[in-house]
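Heads up, the thing below is written out as structure tokens.
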Amino acid sequence: MGSASSVLTQYDIEEVQEHCNNLFSQQEIVSLYQRFCQLDRNSKGFISTDEFLSVPEFAMNPLSQRLLKMVDALNFKDFVAFLSAFSTKASIQQKIELIFKVYDTDGNGKVSFDDILQVLRDLSGSFMSDEQREKVLIQVLEEAGYTRDSCLMLDDFIKVFGSVGPNMEVEVPVD
Amino acid sequence: MGGWPSCFGLREEGKLWRSKSKSGDSNRKPPKKQSKPRRNGVQFAEEDDGDGIGDGEALEMATTGTLKPSSSELDLDRPNIEDYLPSGSSIQQEPHGKLRLLGFTPNGFAFPQPRFARYFADLDRGRRRHCRRLVHAMLQVESAGALELEYILVSVVVFRSCVSLSHFVSFESCLEANAILGIGWVIFLSSYIPVHFLLKGHEKLRKKLERFLVELICSFFVASWTGVVKYHGPRPSMRPNQVFVANHTSMIDFIILEQMTAFSVIMQKHAGWVGLLQSTILESVGCIWFNRTESKDREIVARKLREHVQGADNPLLIFPEGTCVNNHYTVMFKKGAFELGCSVCPVAIKYNKIFVDAFWNSRKQSFTKHLLQLMTSWAVVCDVWYLEPQNLKPGETPIEFAERVREIISARAGLKKVPWDGYLKHSRPSPKHRERKQQSFAESVLRRLEEK
């Protein structure tokens, strides 16, 4: 972190804060920036795939490849915007939106049976056969009141999660 | 900067150093009821009773029960300036004048000098242990004594901050540090080489002398960094069937601990001059080598460890984290040290960050650069706590035992525990971690499917 451009000014912090809709406090943004600079070893301005994988928790996550596609080559401002779904102040809808994006493999705004199947493949690896996966999925969809051919939209996801919402909160350590 | 000549001049004993009066010392625990008059507040010298253990310290710990960390100790990252300044009345002369402190601060603040000839004469007379402790005492400070030294150091810092010749100053301090180290090496080599070769027949004496010399050279290393080390707790005793474990921040951990007791260590063989040092000098204290990259290495090393522990050699010092950590956290302890079937004595080390950041990031700088950086810093200030030996409880697995000891060390040194494997610093997590997660997910899903 030696170059002059790695110093955050107050303007920068406020700009980033505005971009993430005030979901992180200024101190949290400073902490996130320190971590960003630690990961971005050659000060390129973004974190490469390899550098993300150097975080052990990330590398062990079965969904790492999917997440990587979403965060690859993001600059700091966009990175914070991506992470804002994990903030304690984020609404349930924002969190579900992120999950929807993870499931929407082909990015067409709809989550089809195949999309979910692919995610399930990542999650279960070699420990389930394809038939088992399909069986599970069909059952899950039926329980929720859908069929194999239905395409889920964001509202469907919100309905399924209900009022509880996913447990997706992370505390940013502040010195 | 004028300090050079006065460093080497002999000054009258006791002129610069005075001990605190009893009344002014509010931070200390109540002094132990000993008849020795030295126990007035601050004590500089160790007992001269020839038993090799800092009795006073140990007894004090025993009587005050479990170590309750004071609030200043818990908040270790904040500078404890209160600790550094003497409270209350003026400092008085240390009556017995046993200890001289060797402190070379970068601007040549000179403290009364040891009389080397006298200490080496003691050696000849066979009172080696006494001599060794006096030499230790001169190079490091007992618990409260560090306060005075740190007080001086703080005033040095203030003084130095008025002098903004940072380049010149750090060059000079490096020069002085190297000078100390150079002298240390000269003394060490001129004693070690004859001892090593001439006393080939008298194994026991040779080993004893070599151990002493290793401790001496480590003390010189510490002095060259202007090291101020506070040792707490009973000094390690040379008994069989025990192993010492400590948290690891830097290579200097080993040197700081070694200057007090000639441990054997288990280390990774390094390249370059460090490797040379390792193979020649550390052999005399009996070291075990391992190679992180070899996978078969583990069984061989485990066997060597067990053999060493059962012998009555120097006690073994192991850093179970397996790698250097930044002194704010502890990572998972490897269980190797805990399944040897002997008692485990934890040692906690905590560096004071205001003076220097002792963490050696081996991926960022080489060891030589790291050492030079330490030499040109103000001082290396750290606390070392020797904690109560622990044994495997019935029904406890070695991994649980390791975690329990980690908890003890982290609590004492004020470090946070993280559930990470230190070796991840060097390599990516193997795919089996991910597979384990996938497996547990798949199993839970299939189980639910069965239930339907």
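Using the three backbone atoms N, Cα and C, a Cβ is placed for every residue, glycine included.
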For the feature region 'Disordered' as recorded in TrEMBL, pick the matching range from B:293-324, B:421-452.
B:421-452
Would you kindly list the residues that approach the transmembrane segment (B:179-199) from elsewhere in its chain, counting only those six or more residues past its ends and only Cβ-Cβ distances under 8 Å?
104, 116, 205-206, 209-210, 213, 216-217, 219-221, 223-224, 281, 284, 375
Taking DSSP states H, G and I as helix and E and B as strand, how many residues of the region 'Disordered' (B:421-452) are helix, strand and coil?
25 helix, 1 strand, 6 coil
